[in-house]
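Chemist: Summarising the annotation, TrEMBL assigns active site, nucleophile to D9. Residues or ranges marked as active site, proton donor/acceptor by TrEMBL: D11. Annotated substrate binding site per TrEMBL: D9, L10, D11, W25, K76, S114, A115, S116, K117, N118, K145, in sequence order. The Mg(2+) binding site feature in TrEMBL is assigned to D9, D11, E169, D170.
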Amino acid sequence: MNTTAIIFDLDGVIVDTAKYHYLAWKKLANTLGFEFTKEQNELFKGVSRKRCLEILLDIGKVEASQEQFDLWMVEKNEDYLAYIKDMDASEILPDVQKTLDYLKGKKVPLALGSASKNAKPILEKVDLLPYFKVIVDGTNVTKAKPDPEVFLIAAQKLNAKPENCIVFEDAVAGIEAAKAAGMTSIGIGDSKTLTNADYVFKDFTEISKEFLEGLMQ
Ligand code: BG6
Ligand code: MG
């Protein structure tokens, strides 16, 4: 019997929302009078909203009261939500749906393991919610990636052993989290950035059925 379970990150793996997170943070940085580059944005991938703002304020050397910090968190999220307002299935990354259909056909239990508090509405917008047996997102965790909590909760809810779980991730912090959970990690993105992943593919168009089948043995 196939015991493998698969956990997908959302932003940058299933949908290209990483660019909208970047634009929203860049807008805030520019309002505060400093630049925020795509290279710096790599550090934000997979990282909670709160931690992202802490890093952003460090970059800009900006001090803030708790009240001001909370207002900027809200402002960033409102800008982000405006970017994704009209999002639909056309924003699903290449061959993701094909991969999900294939895994569903093989009856592989699938979970979402995302740091985002916006994960469920995004899955609804792109019509992918029914593929996932379990959703663990930023509303369910107390510790952000690279802590393994999000993936360990997903495994537990799927009734799967961590060593039988495979994680698709685009973030350095997410690969670390998968490793810390004792799971197989598959990086989606640049192999020069995702150096700690067990495997790295540019995107799902590079992942063959044979590779997926090999994982499930
Ligand atoms: C992750 C993104 O999936 O979710 C991060 O990679 C983001 O960039 C984090 O900060 C939290 O997202 P949200 O939607 O709750 O602000
Ligand atoms: Mg991601």
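Each residue, glycine too, has its Cβ placed from N, Cα and C.
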Chemist: If you count other CB atoms within 10 A of each CB, which of K76, K117, K145 wins among these binding-site residues?
Modeler: K145
Chemist: Give me the count of other Cβ atoms within 10 A of the Cβ belonging to D170 (Mg(2+) binding site).
Modeler: 26
Chemist: Looking at the recorded positions D9, D11, K76, A115, K145, which has the shortest Cα distance to E169 (Mg(2+) binding site)?
Modeler: D9
Chemist: For the recorded positions listed here (D9, D11, E169), which one has the lowest count of neighbouring CB atoms within 10 Å of its own CB?
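Modeler: Across D9, D11, E169, these recorded positions, the one with fewest Cβ atoms within 10 Å is D11.
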Chemist: Listed substrate-binding residues D9, L10, D11, W25, K76, S114, A115, S116, K117, N118, K145 - what's their greatest C-alpha to C-alpha distance in Å?
Modeler: 21
Chemist: Between K145 (substrate binding site) and the residue listed as 'active site, nucleophile', how far is it from one CA atom to the other, in Å?
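Modeler: If we compare the Cα positions of K145 (substrate binding site) and the residue listed as 'active site, nucleophile', the gap is 11 Å.
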Chemist: For the binding-site residues K76, A115, K145, which residues place their CB under 6 A from an atom of ligand 1?
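Modeler: Near ligand 1, sequence order: A115.
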Chemist: So which of the binding-site residues K76, K117, K145, D170 sit close to ligand 2, that is, with a CB under 6 Å from an atom of it?
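Modeler: Correct list: D170.
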Chemist: Within its own chain, what residues at least 6 apart in sequence put their Cβ under 8 Å from the Cβ of A115 (substrate binding site), listed in sequence order?
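Modeler: In sequence order, the residues whose Cβ lies under 8 Å from that of A115 (substrate binding site) (at least 6 apart) are D11, G46, V47, S48, D137, G138, V141, A144, K145, V150.
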Chemist: Measuring Cα to Cα, how far is K117 (substrate binding site) from D9 (active site, nucleophile) in Å?
Modeler: 13
Chemist: Express the distance between the Cα positions of D170 (Mg(2+) binding site) and D9 (active site, nucleophile) as a whole number of Å.
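Modeler: Distance between the two Cα atoms comes out at 8 Å.
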